[in-house]
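A.B. asks: In case it helps, TrEMBL gives these features for our protein:
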{"type": "SIGNAL", "residues": "1-18", "note": "signal peptide"}
{"type": "TRANSMEM", "residues": "283-305", "note": "transmembrane segment"}
{"type": "TRANSMEM", "residues": "346-373", "note": "transmembrane segment"}
{"type": "TRANSMEM", "residues": "379-404", "note": "transmembrane segment"}
{"type": "TRANSMEM", "residues": "416-440", "note": "transmembrane segment"}
{"type": "TRANSMEM", "residues": "452-475", "note": "transmembrane segment"}
{"type": "TRANSMEM", "residues": "506-529", "note": "transmembrane segment"}
{"type": "TRANSMEM", "residues": "535-563", "note": "transmembrane segment"}
{"type": "TRANSMEM", "residues": "575-594", "note": "transmembrane segment"}
{"type": "TRANSMEM", "residues": "606-624", "note": "transmembrane segment"}
Amino acid sequence: MNYLPLLVCALCSGWSAAFYLPGLAPVSFCEVGSEKENCKSETQLYVNRLDSVESVLPYEYDSFDFCKDEHEKHPSENLGQVLFGERIASSPYKFHFNKNESCALVCTKGYDPNTKTAELDFIKKGIQLNYQHHWIIDNMPVTWCYEVEDGQKYCSPGFPVGCAVTSDGRVKDACVINTEFNKKDTFYLFNHVDITITYHSGREENWDGGRLVAARLEPKSYKHTNVNDLKCEGHPMEIPKDLTGHLEVIYTYSVTFQENNINKWASRWDYILESMPHTNIQWFSIMNSLVIVLFLSGMVAMIMLRTLHKDIARYNQIDSSEDAQEEFGWKLVHGDIFRPPKKGMLLSIFLGQGTQIFIMTFITLFLACLGFLSPANRGALMTCAVVLWVLLGTPAGYVSARMYKTFGGERWKSNVLLTALLCPGIIFADFFIMNVILWVKGSSAAIPFGTLVAILAMWFGISVPLTFLGAYFGFKDRPIEHPVRTNQIPRQIPTQSFFTKPFPGIIMGGILPFGCIFIQLFFILNSIWSHQMYYMFGFLFLVFIILLITCSEATILLCYFHLCAEDYHWWWRSFLTSGFTAVYLFIYAVHYFFSKLQITGAASTILYFGYTMIMVLIFFLFTGR
Ligand SMILES: *[C@@H]1O[C@H](CO)[C@@H](O)[C@H](O)[C@H]1NC(C)=O
């Protein structure tokens, strides 16, 4: 049993490494005419799906009427990428290493008031909802760097399709940089890109060609008039709200290569990550969490000391006066403390599932912390988590079965089946409903049928049998022995004060763990919904450990108070005390939805809450444990 996590760890890291070596090893490029076996001249630009902070639905590049590659290739994607809706395709923007080009034609598209109106409308809708392109070159995002308020540069791994000016003359965020976007009720399309590729030459280090270290881009809008005489200057490309005449859209690009031998290939992601929200806030959040942990630890230690002190004092008293000792508080309930809880079945199932998710999170974060799952490994994090979850059916079955046996449960068959099926079933059903919505909307995030079948196969083919195996061992083991015997007759519970009633206790218990994580949570929600990159796994791992400590300490503390009040129904309560953090998570997610996101439309809202429900359920199981 003890070797299992190690094995999984090795498997997972081995797998992701094997999967990703091609993307992680440096690729060298050579000029046309000097290609060798180890360097090529063609630098292929790939396009990913488009997404928006105002809509949860991502769309494939091909859903829009942009220029398409005639011989379109789709690089193979891993499970995590498919689940996140990433769809990568080759683009018609093809250039050669160290060959500058200016104002090269990509393609032209024509629209008339009564032909292809749906395609144009879709582009307009994309501009309106602020959809962002995500381009990739040499497994590295093409960034758009622009100045934000205080003179700082922000490098975004995406750039918008265009800019919309509303009827009251407002322009969105980054589009204010161009003052020519000023006509009311007009859409401005970015039909030109200036790409700058920086490379590190191997001349001085004796290897051939150059390695790409940065790719930046500036979206531009030009109203080209003549395909045979492209100038790439002048007024922006306007799309009127209502088309009256023929509209010709000409897509162009310029590319310049710049040598920069200071930047290293290995640190080529740094400039993107450095412009992300800063680590000071992270330190603040860690400090904040540490204070809470210290406070709780102090409380626990104090209580322990006080209890011990009293015990010793009482022993001394017994020696001197031989008084009949008067028991009080939690000592009174020792005969009831291990009385099995009501609904032991459900609790044992939750505990089993929680174990599974807990180990999965732990290993995934640990690997991420070691740098196996950096953002350069697209989708690796998700893939690793899913594979681990599937492989960790055994601990779930074991814990659930053993707890159930300890609670004196008889219906072991239902216990095993429910452990394997209940929570994954709920998640899958939620997932499936959302998938139908995505599919109806034609979004790229809709999981293809094949992947859906593969997930089901992994669930029923690997996870379920492993859970059965774990349950078999769990039932074979002796139940956990309790240090004290349980009385035959349950004690009467005295009436409780407001603070020791179950519900207020549970509500209070969740606050402290939530206080530890909410800053971190902001970044995670940002990375999921605002598509910012998340890379501070070291911090996350730390916060994970802190969360663990706070959850257990808060639970111990409240449990102690309740036992002092002679209330011995602690099984469920201790589970729910930490589990209630999930409810705060939900409230925070709702707050985030209304304060930070500008999501519009019913489908997006349903999807947001659908995904949030999944997160909350997983988190509930995780913290509850
Ligand atoms: C491409 O343009 C850049 C910037 O103008 C220049 O430094 C570089 O030498 C050019 N490269 C070639 C091959 O002409």
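Placed from the backbone N, Cα and C atoms, the Cβ positions cover glycine too.
Unlike curated entries, TrEMBL annotations are predicted automatically.
So that I understand the layout, could you describe where these features sit and how close they are to other parts?
C.D. replies: Among residues of the same chain six or more beyond the transmembrane segment (283-305), those with a C-beta under 8 A of the stretch's C-beta atoms are 512, 515-517, 519-520, 539, 542-543, 546-547, 549-550, 553-554, 556-557, 560.
Beyond its flanks by at least six residues, the transmembrane segment (452-475) meets 1, 79, 352, 386, 389-402, 404-405, 412, 415-416, 419-421, 424, 428, 432, 435 of its own chain at Cβ-Cβ distances under 8 Å.
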A.B. asks: Considering only Cβ pairs under 8 Å, which range in 346-373, 506-529, 575-594 makes the most contacts with the transmembrane segment (379-404)?
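C.D. replies: That would be 346-373.
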